[in-house]
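> One structure follows; several queries about it will come next.
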Amino acid sequence: MGHLTTCVVFFLLAFVTYTYASGVFEVHNNCPYTVWAAATPVGGGRRLERGQSWWFWAPPGTKMARIWGRTNCNFDGAGRGGCQTGDCGGVLECKGWGKPPNTLAEYALNQFSNLDFWDISVIDGFNIPMSFGPTKPGPGKCHGIQCTANINGECPGQLRVPGGCNNPCTTFGGQQYCCTQGPCGPTELSRWFKQRCPDAYSYPQDDPTSTFTCQSWTTDYKVMFCPYGSVHNETTNFPLEMPTSTLEVA
């Protein structure tokens, strides 16, 4: 009986630790249109109307993680369909990465020196203005960042696609733009993104100015689509939505 009681106590302590530990992510839609939020490898996906939030918990050690928004989606009652931007294999609950263009929030929790590493990236292009940061800012580079420029409206013609602005790697490929075979530097096109979003990754080796850190277990995080003051170009860059599913997700 004593062994059973001890097990129950440990279970309750583990539950409380899980429930109240840092590593909780809030994804909030401040856009005047529907955004289908996506998150991998934990989270999946959720439809967010204007003003709605979605919370999920990412365990320590989570890495290569992404949060992004999908636009102009159409899903059936089984959660299958597609999106104009950010589509992840035609499903509401994402398991893999999204199809460019999509503005990314990236993170890795409790890594080297017990730090969380996180960033905003336009390496996969841009579709929705975004802010990302800790709910409890700390010293150094533990503070919120954003990418809210009029990238869709000003996108260079060769990168422009329906609903967003592609990154040059997606459009042209090759070592110059994709940096897949060793060191590389910025290009004229990556500098175009960097000038508009100085804190965001603009090409794969843009680490010094684009990686942010917080001490692990000291804060939760919030991603906001269309943060206050951003340019969202609803009419120009976001056509009328396709008919939406009757699927309701709490």
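Along the chain as shown, the residues are counted starting at 1.
From the backbone N, Cα and C atoms, a Cβ is placed for every residue, glycine too.
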> Pick from Cys165, Cys178: which cysteine does TrEMBL list as forming a disulfide with Cys169?
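Recorded partner, per TrEMBL: Cys178.
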> Can you tell which of Cys73, Cys83, Cys214, Cys226 TrEMBL lists as bonded to Cys142 through a disulfide?
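Within the candidate set Cys73, Cys83, Cys214, Cys226, TrEMBL assigns the bond with Cys142 to Cys214.
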> Rank the disulfide-bonded residues Cys179, Cys197 by the number of other Cβ atoms within 10 Å of each Cβ and report the first-ranked residue.
Cys197
> Between Cys147, Cys184, Cys226, which of the disulfide-bonded residues has its C-beta surrounded by the fewest other C-beta atoms within 10 Å?
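Selected from the disulfide-bonded residues Cys147, Cys184, Cys226 on minimum Cβ neighbours within 10 Å: Cys184.
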> Using all protein chains shown, find which of the disulfide-bonded residues Cys31, Cys155 scores highest when you count other CB atoms within 10 A of its CB.
Cys31
> C-alpha of Cys214 (disulfide bond) to C-alpha of Cys147 (disulfide bond): distance in Å?
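Cys214 (disulfide bond) and Cys147 (disulfide bond) have their Cα atoms 19 Å apart.
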> Starting from the Cβ of Cys178 (disulfide bond), draw a 10 Å sphere and report how many other Cβ atoms land inside it.
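By my count, 17.
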> Pop the Cα-Cα gap between Cys155 (disulfide bond) and Cys226 (disulfide bond) into the table, whole Å please.
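Per the Cα atoms, Cys226 (disulfide bond) and Cys155 (disulfide bond) stand 17 Å apart.
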